[in-house]
Every structure is written in C-alpha cells, then in structure tokens.
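Participant: Mind looking over this structure? Questions follow.
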Amino acid sequence: MEWLEKNLQDNFDLPPKHPSDEALRRWRSAVSFVKNRRRRFRMVADLNSRSQNERKRRSLQENFRNLRVAFFVHQAAATLIDGAKNKEYQVTEDIRNAGFSINPDELASITSKHDVKALRMHGEVDGISKKIRSTFDRGISVSDLETRQGIYGVNRYTEKPARSFWMFVWDALQDMTLIILMVCALISAVVGLASEGFPKGMYDGLGIILSILLVVMVTAISDYRQSLQFKELDNEKKKIFIHVTRDGSRQKISIYDLVVGDIVHLSIGDQVPADGLYIHGYSLLIDESSLTGESDPVYISQDKPFILAGTKVQDGSAKMMVTAVGMRTEWGRLMSTLSEGGEDETPLQVKLNGVATIIGKIGLLFATLTFVVLMVRFLIEKGLTVGLSKWYSTDALTIVNYFATAVTIIVVAVPEGLPLAVTLSLAFAMKKLMNDKALVRHLSACETMGSAGTICTDKTGTLTTNHMVVDKIWISEVSKSVIGNNTLQDLNSVISSTTLGLLLQGIFENTSAEVVKEKDDTETVLGTPTERAILEFGLKLQGGHNGEDMTCTKVKVEPFNSVKKKMAVLVSLPNGTHRWFSKGASEIIVQMCDRMVDADGNSVPLSEAQRKNILDIIHSFASDALRTLCLAYKEVDDFNENSDSPTDGFTLISIFGIKDPVRPGVKDAVKACMSAGIIVRMVTGDNINTAKAIAKECGILTDDGIAIEGPDFRSKSPEEMRDLIPKIRVMARSLPLDKHTLVTNLRGMFHEVVAVTGDGTNDAPALHEADIGLAMGIAGTEVAKESADVIVLDDNFTTIINVARWGRAVYINIQKFVQFQLTVNIVALVVNFVSACITGSAPLTAVQLLWVNMIMDTLGALALATEPPNDDMMKRPPVRRGENFITKVMWRNIIGQSLYQLVVLGALMFGGEQLLNIKGDDSKSVINTLIFNSFVFCQVFNEINSREMQKINVFRGMFSNWLFIGIIAVTVAFQVVIIEFLGTFASTVPLNWQLWLVSVGLGSISLIVGAILKCIPVKSDENPSSPNGYLPLSSGPDNI
C-alpha cells in the first residue's frame, strides 16, 4: 500500500490554495487513462482558457490606458485648435418622451473617457443630474425605474448561457468504454439475428444498449442536479447590496437593480457597482488596478469626479451619481469578453483522480489478461474439437461477448466516479451550508475546513452580538452608568451645559454614522455598530439641548483607519477658528492629550495623577468586557489641507465604555472546537483587558494560554515567535499586519491548517494567505468578501464551526465511498479473471457488470458521499497535512470484506450446485444468477457497512437519512426486477424463495464480518492524533 500513497504524494499532491500552474499541469499529465475526459475534467480548471483570459485582460487594460492617454492628448489639442469637433450624439424622441435630455452613449463616454470638456459643456455634475432627472438629496423616483432601464440599460453584463440537461447526456455518452460496448452490442445484435433469428438473437445486444442508456441517464441526471446546485450558489455569490438614495430615503438594493441617476453611497471596501460622477465625500481613494492594472490609487475630488465600475474604494467615503450601467461600462464589456476559466480543483479531487488512474491501470491489465485467457481457451477448445479452419457466426458472437466482458471489466474497474464523488459531496455540503448561513465561494474551502487546526477569529460581531450600546461614560472626572433615561438625566445634572455642548459636538461631527429617513418616515441610524452606539447615545443625551454642536461646518474628514485606530474631523466654528475632533482607541487618544475638560467645560492641564486615574478608568471599563473609546479635541488657527490631523496637544473630553454581549452559543462552540482539536485564537484591535475578559467568557483564554498585544508580538524575533505562538490565545491592539504575520507563521513554522476571519479591507492579505479565509457577511466589506473563501452570512462564530463540521463530513464521506468502491473493484476483477482462467467463461455478464457499476458509482456516491455530519466527527483531532488518505483501517476493511466476498462467490462458482443441490438443465444459469444476486447483495450490505469505518453500530442515524434509505430500497427493488422479469436481457433466470434467502443471507453476513474486522486492532498512521488513525475501540455505548 506504501507504493500507492507514494505515487499519490509524488504526482497527485496539491496545496489547498493558490496552487502553481506547474502543480496543476503535473497531475493532469499523470492521468494517463481516462474513460470519459469531458465528464472527468468538467469540474477542473481549464488552464488554457485561464491563460487566454489573463492575456485578454492585460490586453484590455493596456488598451484602456492607451485610449485614456490618447483621449487626453486629443482633448488638449482640441482646446488649442479652434474648430475641432467632438462626436455628435443625438437625443432621440424616445429619450425626450421619457423626460431625459442626454444620449446614453454620450453620458457613458463622459465617465469612461474622463471627458472633462464634455462634462463642463453639460454644466458639470449638477447639469448632468438635471438632464437625467436626479437630485443629490432625493435621488431618483422609484416610479421611473423601468423607464430608466429601457433608455439607459440594466446593470448586468452578458453571461454565458447555462448548460442544458441534454448537454450532460452528451457528456455521459463520451465514455470511450461505453462507446466500445455500444459497438459490441450492435455487432452482437447483427450476428445474433443472422444466427438465431428475431427476436432471440437481439436480446444480448439490446440488453447491453438498454443498460448503457440507463447508466447514461442516471449519470446525466446526477450531474445536471449538481450543476443546478452550483448555479444557485454562484448566483448567491453575485448578490451584492449597496446603499442608494431614492425618493428622499436611503435604501439598500441589489447592484443589479441599480439605474442611471441613482445616488450611491460609497465607503471603504466597497466595489464600485457602476460608472458614475463624484458628488461629495471625504478623502476618497479608488483602486483602479482591476481595470488599468496600475496599483497606485487614484484620488477622487470635484476636479476629478470620474468613478469607474469594478474599481474598489481603498479609503474614504463619498456619494456618487450613476451615469452608466451594465454593458455601457468598461467593466461590463471586460467581464463579458472573458470566458469561464473554471475554479481550481480541490486536493481531494486531485488525489482521487490519482487513485482512479492507478486502479484504472490495474483494471486495464486484468481486463486484457481476462480477454487473452478467454480467447486462448476458446481457440484451444475449438482447435481440439472442429479445428481452426472452420468458423461459424456463433464463434464471432462468442468473441464479441468475450470482448464486451473485458471492456465491461474496465468500466467497473476504473473508478471514474471517485473524483466526481468529491464534487457531489461538496455540492451537497455547500447547499446545506448555504441554508445554515455560510456561503462557500471556493470548493476547496469546504473540504479544507475539515482539516483546520487553528481558527484566528475577530471579536466584534463574530464572538459578540455586534449590537452595541454605550454602557458607561467618563467625563470631567465623573464616571457614570448610562443605561436608561434616569441615568442620562443624572449625567445632565452633573456636567455643565458647556461640557455637554462640547461632547455633543464631538459626537455629531466626528462620526461616520448618519440618521436617515425610511420610506415610512421613521428615522434610522446607519453605520458601523460602534458608530451607531455612540450616535444613538448622543441623540438620547441631546434631548432639547441646542448648543454649539449644530453651528459648525466640516472642513476635512479622516475616516477610521485600522492601522491608526482613530478617526478625525476638522470643523470651522462661527468665530472663524477651527477645531479638530479625534476619536479612537483609548490608549492612543489619551497619549495624544495633555489637557482635559473640567466640570465647567474649560480646558485644563492634565496632571500625571489624573492621567493615571484615566488609565485606571479605561482598565476598569475594559475588565467589565466593555469596549473603550476616547473623544478629544484641539483648537487650531490655521491648517494645511494636505496634512494629516495632529497627534498631540489634544484636550480629552470623554471615555466611552461600549457593551457588546457575547453571542449565545459561542461558549459551547469554542468548547466543541477544543474537543475537535481546533485551537481558537482571538485577534482583535480592542484593549487587552476587554479582549481578555471576553476571551475568558467564551472559554478561549485558558490557564495554559497567554494574551499579548500587537506591538509586543511585532517586536519578537523568529526564534521567540516559535516558542510564543503555540501559547497565544488572545492578541489585542493588533494591526491587520499582525494577523497576517500570525497566520503566515502558523502555516510555515507549524504546518497548521489555518482558518482566519476578517471584515475590513486591510484584512484581505490575511484572508488571502490563510488556508481558509472567512469574511463576515454583515460587517464585511466587498474587498474582504472577494478575498475570502467562505462568507459567514450571519457573522456568527457558531456558523464557522458548522463549516468545520461539514468539511470533516466531506472528507470522511469520501473515505467511506472509496472504501466501498475499492472493495467492489477488487472482487469484480478477481472473480471474472479467476473464472476466465479456470472455467473459460465470466460469471458476470456485461449487462450485470454495468448494473453493478451504477450501484457502486453514481448511486453509491449519492448514498455515501451525502451523509450529514454527526457529533462524533467533532470529537477527534483534525487531519494533518500530508496524512495518508486511504488509511490502514480502510485497507483492513477493504481486504477483509473482499476476502469474504471472494470466498463466498468462489464457493458458489465451483461448488454451488453440489452445496445447494441445484440440478437440471438450467442449473448453470441458476448458479450464475445466484452468484450475480449474492454479489449485488454483498454490495448492498457492504454499503451499509461502509457508513462507519471504525464503529460497530452502522445503523446509527441511518433511518433518519432518507436519501440513503431510498437508494438502498431502489437498488434492491431494481435487483428484484432484473432477476425476476428482465432475465432475457440480463442473462438471469428467476430464483425461488430459498435461493433469494441464500442471496440476502450471504450478503448480510458481511455486516457480521465488518463487526469482527473492527475488533482487529490496527496500528495508527503517521500522526497518532489523526481521526483517521482510528484509536482502538474503548468500552461504552458511544464507541460501538
């Protein structure tokens, strides 16, 4: 067995993520024997198409850059040469009747070509908005949607049509062995008609053709259903929602419902959904590399207002008016020209392609030997009886049947369904996970998650509910709990109106949240949970207060940045001076302050004693599992618009303690991880005391674990990290770079399979680097989601554990199927070969072997590869990198069951007539039918046996799995029909009830054999902690 694993490791080993082209081509070249290339490689990446796409993308990017440069040159020349004319666009009657006054193509070209001259000619952004009947504050009217789509187009690009069912039928018919069998069947029918007449001479050939059609239809139906599941999942991946203003209210809509004239709200991490013009915003940086190939971000302003579809918001926020959608955008045209390159194949798919290739070669050898032995015996017997000079039509029929049997042995022996079973299992798991709020973007992620040994998770929104409220506040040396109206009134009574006005001004001006009006005129606060909590607190605190908070104007905004861990705003005051407000991580803001606001609202120096007291307050808030943020301000006389906000000289206003409760079920989920050998590490930007309090509540921070801050972690040498990383359970005040470093070292130093969660744009590198990147569906940005392998739609840690459960189920289910299929392969090969050598005939005919092939291939995959996960899967350690896929326990079960079946079938073949006292002219037909029936029932019961590779009780959970029960029932029912009613085509005869009992009895004994085999101890594989090393059975009902 070592040679098999060595071959798989050498030629069919693939990393779960970002495999090189060399690795992808290596295993393809190693697959030398394939029955149906179209079907086998349908779910495999088309490397040629992919490289063509890349060349085409680069060419289009180059053309786009050249076109833009050429246009700018033309524009500059046009301003110098009087009389130069631009292309004229006609405003048609349809456009006028719809109430618009600009041609769709002209409008699209203004943005795509960055045509500043045309924009000015139409009255800048304000003039364009009038011509497309949109206003900056109210947006468009919902009643206009259909009209706008009719004139300016829909926001979709042309996609490749889905494959029809008949295309899958055609794929299934491309199987070379089935084509050969069809030719054999036709020859058999022609020769049979000539020698035996109609209809008797047609039965053998017609039986093979009907069996082939049945195999083809079942295969096509299974593949078509898979394609529909993947199509549905693909549609889910494309569901992106954005915020727009329509009819004066802010709404969340699908990007596909976007129309020209919509006012779109953009923020960090968003993908721009359409071409548009900048209205207003703050520090908007756009990454245009997807269109131009250039990595330098573009600063967008009133002077450079052009924003293109497909680009990404790297920093800042803004409002944009849509000017072109769908195929009128450069992005739409680019996407429509790229063909499907396919997704990278998963490691399991590649490994099972290797298994199928190796066993296929063995099957080909046995099939050739079987045909040679049959032919030699036939020629010897013919030479001894009538001589080799006389040939009859029956001789031709015999040779054709021998050849058909040999080809059918190849059909059964080549486990073509193995790699396709992985796809089936993954499709089933992905569908179930979609229902459980996890969208798997890449096939390999679902499979790899089952091997995850570490999960690096965020705190906010993943372990906690993300429903934040301000629980405590410190201001003017007063610390108060602020839950409830009475406590708010108490706060109003202990601080002066000047202090309160300053606090409210800092809250309302320095926020990324906003109050928006819904369709029913109710007001809602939109923004991140932290920003919402503080703004809602400010609104409650404000009450009837009308201070200076409403009498200033924003001059400059610095949005929150996960590296700086703060945000800032510069406002101009009525007296002509300016004031900076800064809000962020408490330690960082306190460090920037040398003054504080006293009870009267005055700025007073901050003493060391007061600084120490403030730090104690922060620690006490954090120890209560509260997230702490500080708010400060600084007066300035002048400022430089291009410089960042100051980093010192601030006056501290307040400290907020924000409560974010732990999600229900997280503690149990973390406990389940520990039982499963998965280490959970919390990586957060919060204060270390807050992080430790939450981690202890969740069960993450244990006695043997440590908590560390990001700056300390960054300062460690590689040798120190090697000792430190295994102990880390909490990393606080971390940067995205720290998360990336932790993930890289866990994978590189410790060869761990690492899953990591992320929601921000800066988390993209860590999500990309990890074996499994998990982006948050609610809090996550589009950039994070695009870099992730799985999107956790409800942002819940429990959902992540569910992905791990299904990942393990996929791996173990495929192992069960491989164990079942290899047993059938071995028995079918040996029985036919030995029988051919000894008796000169094969007991299992072509039609019978085709039926067996369908039982073990398509139906077997459906039954075993779609088993749902159970709790026992999360009570064993994960599969480590490089472990053998076919374990010693599997070999024990395969060899044991194969030996039992070979002994039974051999006894029936060579002594069945005497043992069972079968006599008469048809005794040979009866015994061959009994052999076929017993063989099938051995597979039926072995399929049940394969549900558990280690435990004796194979019936646990079986009766709740209706798919498995249904397949077993259909298999048995169809077997009865074949034996009792289709004997003419299948070369069988009806059996009496005693022989039916013998067949079922012999098959059912495999359950007893399986139980005995599981009591034989097997030395575990390389890793003693492996779930597939199968620890020895212990006592107790759970281990039976």
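Cβ coordinates are placed from backbone N, Cα and C, and glycine is handled just like the others.
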Participant: For the feature transmembrane segment as recorded in TrEMBL, pick the matching range from 68-86, 923-941.
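Facilitator: Based on what TrEMBL states, transmembrane segment spans 923-941.
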Participant: So what's near the transmembrane segment (993-1013) in sequence-distant terms, Cβ-Cβ under 8 Å and 6+ beyond its ends?
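Facilitator: Tertiary neighbours of the transmembrane segment (993-1013) are 892-893, 896-897, 900-901, 904, 916, 926, 930, 933-934, 936-942, 944-945, 952, 954.
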Participant: Sequence-remote contacts (6 or more beyond its ends) of the transmembrane segment (176-195), Cβ cut-off under 8 Å?
Facilitator: 35-36, 201-206, 208-209, 212, 215-216, 392-394, 396-397, 400-401, 403-404, 407-408, 410-411, 414, 846, 850
Participant: Take the transmembrane segment (889-911) and find every residue of the same chain, 6 or more past its ends, with a Cβ under 8 Å from one of its Cβ atoms.
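Facilitator: Distant Cβ neighbours of the transmembrane segment (889-911) are 1, 815, 818-819, 822-823, 826-827, 830-831, 834-835, 838-839, 843, 927, 930-931, 934-935, 938, 942, 945-946, 949-950, 1002, 1005-1006, 1009-1010, 1012-1014, 1016, 1018, 1028-1030.
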Participant: What stretch in 358-380, 822-844, 850-868, 923-941, 962-987 has the biggest tally of Cβ pairs under 8 Å against the transmembrane segment (201-221)?
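Facilitator: The stretch with the most contacts is 850-868.
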Participant: Please check if the transmembrane segment (822-844) comes into contact with the transmembrane segment (962-987), where contact means 3 or more CB pairs closer than 8 Å and the residues in each pair are separated by 6 or more positions.
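Facilitator: They do not touch: fewer than three Cβ pairs between the two stretches lie under 8 Å.
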Participant: Output the single range from 358-380, 400-429, 923-941, 962-987 maximising the number of Cβ pairs under 8 Å to the transmembrane segment (850-868).
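Facilitator: Most contacts with the transmembrane segment (850-868): 400-429.
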Participant: Restricting attention to the domain 'Cation-transporting P-type ATPase N-terminal' (119-193), give the mean pLDDT.
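Facilitator: 86, rounded to a whole number.
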